[in-house]
Amino acid sequence: MGGGYVLFGSARSGQMIMVALVLMVGSFYAGSIFGNNSPIYISQPSSSNSSSSSPSQSGPSNFANKIELTYRRTSVSIPESGVNVCPLKFNEYIPCHNVTYVQQLLPSLNLSRREELERHCPPLEQRLFCLVPPPKDYKIPIRWPTSRDYVWRSNVNHTHLAEVKGGQNWVHEQGQLWWFPGGGTHFKHGAPEYIQRLGNMTTNETGDLLSAGVEQVLDVGCGVASFAAYLLPLGIKTMSFAPKDGHENQIQFALERGIRAMISAIATKQMPYPAASFDMVHCSRCRVDWHENDGVLMKEVNRLLRPNGYFVYSAPPAYRKDKDFPVIWDKLVNLTSAMCWKLISRKVQTAIWVKEDDEACLRKNAELELITICGVEDVSKASWKVPLRDCVDISENRQQKPSSLTDRLSSYPTSLREKGISEDEFTLDTNFWREQVNQYWELMNVNKTEVRNVMDTNAFIGGFAAAMNSYPLWVMNVVPATMNDTLSGIYQRGLTGAYHDWCEPFSTYPRTYDLLHADHLFTHYKIYGEGCLLEDIMLEMDRIIRPQGFIIIRDEESIVSRVRDLAPKFLWEVEAHELQDKYKKTETVLFCRKKFWAIL
């Protein structure tokens, strides 16, 4: 297919919807929360009336990128015209959660363990190598905090959840918007009421979840993540996840709302998070069979929970006496008792256990052959593509949490010492990123509301995220699985994140991040070869960054030069700025911004 045209579209329809929304929801931010809904359009030159049918009045200009379905080849060569654009039907392309590819694998997967819901990345030759387009009528997302309750319907144009979950107040259609009332399967009257009840249950009616010591939560099968959204006023950070399954596009809704979430499933492999990272694991009708397979999934929860952490279970076995629910409940009681958990509350459709810090109990139960204790070798490596373990460990990090999040952000996590990172290096990193983040905001020159979903693609010890903590945004701290395992230290700072290998695409929908930060990421991967090339990682960055989103790149001079040359071919604008590194040496930092384009 041939080249196309650039046409500048009118924002008038978006402005009309903006006015309607302001009338509906009251005194929000008078337009600044809606962004600029004026994309450039790519159309086929064969369309004889492309100029007249366009919403633009400014006329066409040349646009070199071609619309053509292109696959990854052994030798990567980007055309002079720029990276090809995928056809419109691929606007929700998620390489490692591709239903068509997974269907080919079904005969070899353990369906009883729901292995089909996990990551399955196709071989290179079956991966697309073209820019993923936005859907028809895509608009710059509504800004936080309005986005918690309202998002553009055209950005996630799927009605299934509204049809099957409307009675539970997950999401409702309101004209050209989706409205999220804050409900869920077990809290259809609203998450705030449910969260207060959990606080009462964990504190014996004396406080809330925060006073119960809950600061970091893992929400299993999170739906549209309203639970996480309404934990935010308490200052509680939640890692929400759900599979790409029959609950159509639930994670896409969550991310469009500006809530931390990722596609994942608890099935046959460990979750991509370190041991002892969460104060609470929450399951509200999460569709996980915890009682099956000798409770191996419950043992994964045990791995993830900190000592004295809570497991919240809101599901029929906790309260119903019909069908096989009592049998399931008995199995859960036996499993949790074997792991030395204590049932502290059971009422109003919810049961809560606490993982007691009782090594003597675990060793006694191991002697009674009620449980198996993991060997040291089982807990020593990053949780990336590691099979689930049918055992429990007793060597989780028991570092005492500082009294406040501010203290945690600046306190040296002792786990970093085991990774060869000194307290002086920690302090240097923390102070450096405070300075850099201030300069980043000046150089980006955007309203703080324009950046909500942020990813640090090579987070090291979380200094960048710690420096960003005072802004109205969240950061997904990614620690590459092939690098020093510092993610447990990041969690000890009160931050969150995940392991990942950038030789593969990330488990998220297209257009989900406003800012990607890459500090010497490309340098690390330049020795890994096919699938990990600079061009591969740039393509994945383009897939997951939102239109008008920023990509900040710091790296070796040769890599910075290469990215600067390639950026226009990915339809990125690029600026270079001279900043100082940690050791006061000047380095070139690239500020790339993805153009807002669409297929006409």
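In case you wondered, yes, glycine gets a Cβ from its N, Cα and C as well.
Here is what Swiss-Prot says about this protein:
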type	residues	note
TOPO_DOM	1-15	topological domain 'Cytoplasmic'
TRANSMEM	16-36	transmembrane segment
TOPO_DOM	37-600	topological domain 'Lumenal'
CARBOHYD	ASN49	N-linked glycosylation site
CARBOHYD	ASN98	N-linked glycosylation site
CARBOHYD	ASN110	N-linked glycosylation site
CARBOHYD	ASN157	N-linked glycosylation site
CARBOHYD	ASN200	N-linked glycosylation site
CARBOHYD	ASN204	N-linked glycosylation site
CARBOHYD	ASN334	N-linked glycosylation site
CARBOHYD	ASN447	N-linked glycosylation site
CARBOHYD	ASN484	N-linked glycosylation site
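Annotated features, which come from Swiss-Prot, shown on the structure.
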residue : record                      : DSSP (3 states)
ASN98   : N-linked glycosylation site : coil
ASN110  : N-linked glycosylation site : coil
ASN157  : N-linked glycosylation site : coil
ASN200  : N-linked glycosylation site : helix
ASN334  : N-linked glycosylation site : helix
ASN447  : N-linked glycosylation site : coil
ASN484  : N-linked glycosylation site : coil
Excluding near sequence neighbours, so keeping only residues 6 or more apart in the same chain, what lies with its CB under 8 A of ASN98 (N-linked glycosylation site)?
HIS120, PRO122
If one measures from the C-alpha of ASN110 (N-linked glycosylation site) to the C-alpha of ASN157 (N-linked glycosylation site), what distance in angstrom results, rounded to a whole number?
32
Using only C-alpha positions, which one of ASN157, ASN204, ASN447, ASN484 is spatially nearest ASN334 (N-linked glycosylation site)? These are the glycosylation sites in the record.
ASN204
Fill in the CA-CA distance, ASN484 (N-linked glycosylation site) to ASN447 (N-linked glycosylation site), as an integer in Å.
35
Any idea which of the glycosylation sites ASN157, ASN200, ASN204, ASN484 has the thinnest Cβ neighbourhood at 10 Å?
ASN204
Rank aside, I only need the closest one: which of the glycosylation sites ASN200, ASN204, ASN447 has its C-alpha nearest to that of ASN157 (N-linked glycosylation site)?
ASN447
Would you count the other C-beta atoms found within 10 angstroms of the C-beta of ASN447 (N-linked glycosylation site) for me?
12
Return only the integer: C-alpha distance in Å from ASN204 (N-linked glycosylation site) to ASN447 (N-linked glycosylation site).
43
Inside 10 Å of the Cβ of ASN110 (N-linked glycosylation site), count up the other Cβ atoms and send me the figure.
11
Give me the Cα-Cα distance between ASN447 (N-linked glycosylation site) and ASN200 (N-linked glycosylation site), rounded to a whole Å.
39
Neighbour count (Cβ, 10 Å) for ASN334 (N-linked glycosylation site):
13
